[in-house]
Amino acid sequence: MSILIALQWVEREGQGEVLICSDSLVVLASLRSFHSKARQDILYEVLQLNTRIVNKGYQEVVIVSAVRTPMGSFKGSFSTVPATKLGSIAIKGAVEKAGIPVEEVKEVYMGNVLQAGEGQAPTRQALLGAGLPLSTPATTINKVCASGMKSIMMAAQSLMCGHQDVMVAGGMESMSQVPYVMAREAPPYGGVKMEDLIVKDGLTDVYNKFHMGSCAENTAKNSSISREEQDAFAINSYSRSKAAWESGVLAKEVVPVSISQKGKPDIVVKEDEEYKKVDFSKVPKLRAVFQKENGTVTAANASTLNDGAAALVLMTADAAKRLNVTPLAKIVAFADAAVAPIDFPIAPAFAVPKVLKAASVKKEDIAMWEINEAFSVVVLANIKMLDIDPDKVNINGGAVSLGHPIGMSGARIVGHMVHNLKSGQYGLAGICNGGGGASSILIQKY
């Protein structure tokens, strides 16, 4: 793992600065305008400090709570609820579940992709809405669909190097509230062209100028995955989600959302909306959306547009002891990978091996896999490339049936593993993102 830890600036005689850093066993020192005796003294301090760093090592990072809102259908129950409000609900729920004072949260990272019209600093809005102190810093992360997971990874890095000791990380999205836009300069003649920012900023391959669904079609062709296989996967996803809700598996990770109504009682949403809307008899009859001839990707075997938020409280193991908090899981390793933009659906198959290698864990040791279901073909292709047991993948359904609020999904699947692994088990999550990227993270249940 390559993490550069900036530890200390040391000033000497007003003549320059020394940056003392550590990257594993390597110490870098930048010396400016020092006489030889001062330089020797400073290098000695660097070596002494490095010895302490090596002996100490990176901090262990644990997850002490993980919650999410229900996921609303596009223009459904959450259509009037901004992403920042959904984020506030998730952050507040996560901190309350952790049982710690809000003042203990030192910083918040949240993934959020479609930010147009949300106002300045969406994560700052979300944390203040959750009741965190005004002094709490906030950063909003955009790695397209991997944003929520990348927020967790970046928070873990900050905790590992001792920069912070308690953080919140997650993701939020309201696809229902994404605006249309037009160019600032109106055309001299004719109509004004409006663009849907869901499509432009969230679902379009900017390099090839086509929809992400066309990338999925390319993967289906290259991986020899049929329409029938994709439809069967989608039906199974819906069936698994339905069973998970009926058995109470999903309810334990959800915090309700109360929606104010003018002159009426509040509406309280406690359950995902999407999985109930499928008609299995229509699945094989739907037309392909992105490729007219021999197309395989349909509205049924692709994920949907949705609204929701997820948040996790992360802290160092030392902070957990100090706060008398029982960890749920620990973060073992994580990695990013990238391939050609058109091949983004298979990018997780390149990130996952990096994680396994970093952790010295075999794929056979993984009890639970979560691969985000941007499209059914994404999961099918990655199962094939990684050669993993499909019965261990997305065992309670995924984005095809539950929904895919794109800034949230990466955090959701990590939180889902936290709640469903058994003690000592490993869970590995992977998520692809537009532009050819992927993120992956390995956790172990306490």
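The backbone N, Cα and C atoms fix where each Cβ goes, and this holds for glycine too.
Quick look at what TrEMBL lists:
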{"type": "DOMAIN", "residues": "61-317", "note": "domain 'Thiolase N-terminal'"}
{"type": "ACT_SITE", "residues": "Cys145", "note": "active site, acyl-thioester intermediate"}
{"type": "DOMAIN", "residues": "326-445", "note": "domain 'Thiolase C-terminal'"}
{"type": "ACT_SITE", "residues": "His404", "note": "active site, proton acceptor"}
{"type": "ACT_SITE", "residues": "Cys432", "note": "active site, proton acceptor"}
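Distribution of TrEMBL features across the structure.
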residue	record	DSSP (3 states)
Cys145	active site, acyl-thioester intermediate	strand
His404	active site, proton acceptor	coil
Cys432	active site, proton acceptor	strand
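Each residue contributes its Cα atom, and for His404 (active site, proton acceptor) and Cys432 (active site, proton acceptor) these two points are 12 Å apart. Neighbours of Cys432 (active site, proton acceptor), defined as other CB atoms within 10 A of its CB across all chains, total 36. Cys432 (active site, proton acceptor) and Cys145 (active site, acyl-thioester intermediate) have their C-alpha atoms 7 Å apart, to the nearest angstrom. Summarised by DSSP class, the composition of the domain 'Thiolase C-terminal' (326-445) is 51 helix, 37 strand, 32 coil.
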